[in-house]
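J.: One structure is given below, represented as structure tokens, and several questions about it will come after.
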Amino acid sequence: MTNTALQILAPDANGFRSAAAIMRAGGLVAFGTETVYGLGADARNDTAVAGIYAAKGRPSFNPLIVHLPSLAAAEEYCDFNDVARALAGAFWPGALTLVLPLRADAGISKLVTAGLDTLAVRVPDHAVAQGFLSEFGGPVAAPSANPSGRISPTTADHVIAGLAGKIDAVIDGGPCAVGVESTIVSCVDAPAILRAGGIPVEAITACLGRAVAQPDDPDTPQSPGQLASHYAPQGQVRLNAMHVEQGEVLLGFGAVSARLNLSASGDLTEAAAHLFDYLHQLDAMGATRIAVSPIPDHGLGRAINDRLKRAAAPRD
Ligand code: TXA
Ligand code: MG
């Protein structure tokens, strides 16, 4: 495929058919999900998957999540154990990614797993993602549809701003309702949370009825993609700001006066849905210094604080 003119496809049967045809020809299609927009390629096609890394400028050691329309489809590519089935039963379709042993006969490109013998799989809860995945009928490797290290996209406009000229099409699924990436749980050994995300840790623990290793526990396996600086806006970010210094723009939370308030009522779900869009808006405003109000570290607050910590981390 030539990736020059980016097609904007409607979220309907025609759009899904066009998108599936582009994917079969080895092209790249961005699509809306409930978490963030994904940049999809056929997970069995080495050249197509290589195209994802090239379009994003992504380090090639960072493996990708494979998206499927159902648990039954996911079972064709990896081995589920009881813990994985319990989590899939509770949270799929939804903002949960499971890391599981890759099946030898799965036919997944080694570029997707970055050579690991495990595979990350997710069944998204969004009509556009579902329509597209079902029409394509194969495994779709999809990272977030942003240039590597930049803010994740939660609208088709964010995708176009970051990747126009580098991908073939985007299916417009409207703004993402969850707004932060999926929670990643490894079920390869004892269950371990590799990345906080759209399903709160408390919900995972309640579902399994046992404590689950957390990303900052010293013996939790590291997700290869958890680079310190990530999700970065152009401006410098200062966290837990109780006041605004001269030259700073406030990204507020709760009862503070700010043009961009993640949730004036202190609702973490609303704050997650606004997070990346507001960081994009701060970029568009040309904000060079960003102060962020403290955000409670429970429920979706953990995923929000994880993304903000990376946004504030020193850059290369
Ligand atoms: O919500 C989401 O998860 C979005 C949408 C598009 O589904 N996708 C997303 O993908 O956030 P990405 O590529 O930005 O993040 C994938 C993360 C990376 O941190 C990567 O290292 C990790 O998943 N990952 C992928 N495969 C893995 C594996 N086999 N073992 C451990 N971590 C893995
Ligand atoms: Mg990403």
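Glycine too: its Cβ is placed from the backbone N, Cα and C atoms.
Since we're looking at a predicted model, the values are computed, not measured.
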J.: Among A86, A104, A142, A164, find me the residue TrEMBL lists at the same L-threonine site as T35, H67, R122, S182.
T.: A142
J.: Any of the binding-site residues R58, S152, Y231 with a C-beta atom under 6 A from ligand 1? Give them in order, or none.
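T.: Going through R58, S152, Y231 in sequence order, none turns out to be close to ligand 1.
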J.: Among R58, H67, T118, S144, R195, which binding-site residues lie by ligand 2, judged by Cβ under 6 Å to any atom?
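T.: S144, in sequence order.
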J.: C-alpha of T35 (L-threonine binding site) to C-alpha of S144 (ATP binding site): distance in Å?
T.: 9
J.: Just to be sure I understand the packing, how many Cβ atoms besides its own are within 10 Å of the Cβ of N62 (ATP binding site)?
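T.: Around the Cβ of N62 (ATP binding site), 16 other Cβ atoms lie within 10 Å.
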J.: Could you tell me the mean pLDDT the prediction assigns to the domain 'YrdC-like' (13-199)?
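T.: Taking every residue in the domain 'YrdC-like' (13-199) and averaging pLDDT yields 96.
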J.: If you count CB neighbours within 10 Å, which one among the binding-site residues T35, T118, S144, S152, S182 has the smallest count?
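T.: Among the binding-site residues T35, T118, S144, S152, S182, the sparsest Cβ neighbourhood within 10 Å belongs to T118.
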J.: Taking the center of the Cβ atoms of T35, H67, R122, A142, S182 at the recorded L-threonine site, which other residues in this chain have a Cβ no more than 8 Å from that point?
T.: T33, G38, I65, A95, T97, P124, A129, E181
